[in-house]
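Over in TrEMBL, the protein carries these features:
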REGION    1-25  region 'Disordered'
DOMAIN    50-269  domain 'ArnT-like N-terminal'
TRANSMEM  135-155  transmembrane segment
TRANSMEM  162-180  transmembrane segment
TRANSMEM  186-204  transmembrane segment
TRANSMEM  224-245  transmembrane segment
TRANSMEM  251-269  transmembrane segment
TRANSMEM  281-305  transmembrane segment
DOMAIN    339-520  domain 'Protein O-mannosyl-transferase C-terminal four TM'
TRANSMEM  389-409  transmembrane segment
TRANSMEM  421-438  transmembrane segment
TRANSMEM  444-467  transmembrane segment
TRANSMEM  479-502  transmembrane segment
């Protein structure tokens, strides 16, 4: 007899327990088999990439005009592929250019951004000419697809889940700001590509970092400071990618500093965990200088190589020859004259940037960015009661949950010492916080495209923790419902806002339904 055997023949036995309720049917169980998981892990990323490519390449030649700052970057990119440097254009060059006629002059033009991004964005015109706007824009669209791919890979590395990696990629693939930036020839999407590539390289370095220190500790048990580890190829790769980021826009420097400090901080924690007694001093005296060299040498090399064409005739390249009395002397006389000319040109660029305070109807100080108060309008045309807009407006169904997730990541970083949360917070901060110091500068909300991938990765990471972390079954079920709801609502919002991302002609009243806040108009 057992404790559950209760009957009149056994009056002292315990009452019978009620029959257990029939278990709920798990409709998703077939999707959790190993074979189904393998299919999903392969199909989901491929599907996301295909969707991203479709949304970015579809009707890419529309509008058949230079949109927003394409007036600078398209023509500068074309100039680089023709002259090797940025040349001047007459004031009425745009109409002729749109018609497929170049009025480029060989006289060098003063430009205020490094050349690498324009070299990349000009590939289409270098190969196919300027007759079709598709040739102007397909490199930008390809960069946008690659950003989605890297977003998935970084999210996969942080969550160890292709499903949630694909979720992060999907959210970026269908986001309006990411779509508009991928269909417009601007530099910031290319900057985002190299920043993500650097982040991916650093995460690959982190895979073996703790074990590397432990092995060294066992081989050198008496060491107090710890090693200077030079064999770190992924750190070198990250340095090269960060140099490329700086060669697109100088704001890449913020990521050099942020990622460098993050890497050194984790090196210090690895040493402490391995039992190296002087882990803090050792990190500062040995690994920090080593990592500085591993990052900065390839970064500087890539940055200088990107200026190769400028040395052949760019604006200010003859400064040393024209101003021999201003060349460096004494201990710095050895610096090549070409590099001195480049340094002087950088001083001119810096002067321009710090003095850029011209008013613009769609400028947006950084404090507005996370609140989505003033997205940038790229195009506006009116024809009677018909209107077309192109606005770099992030999908609000994705953006606001991602910003809320950032707050949770901050909490987890401080209270749980969550290293993944810390990495994502550092990446977002590098792309955002420095701009808060320039409230009077002419800056725009689309600069957020550089850190937006890390926002959606952060959202996907927290949802992954909700579904697969150490939680109760009910919490995991709620997490799956939230994921499904987010995807459905985000796709619906993409369909709703698509006309103002693609420049669709509609009745003015219909288009204005998409502009919910006064600052969106």
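Each residue, glycine too, has its Cβ placed from N, Cα and C.
All TrEMBL annotations are machine predictions without curation.
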Going along the chain, which residues at least six beyond the ends of the transmembrane segment (186-204) come within the CB cut-off of under 8 Å? 68-70, 73, 113, 116-118, 120-121, 140, 143-144, 146-147, 150-151, 153-154, 157-158, 178, 234-235, 237-239, 241-242, 244-245, 248-249, 251-252, 255, 259, 262-263, 423, 427, 431, 446-447, 449-454
What average pLDDT is reported by the model for the domain 'ArnT-like N-terminal' (50-269)? 97
Interface check, the transmembrane segment (251-269) with the transmembrane segment (162-180), three or more C-beta pairs under 8 A: no
Ranked by Cβ pairs within a distance under 8 Å of the transmembrane segment (162-180), the first of 135-155, 281-305, 479-502 is 135-155
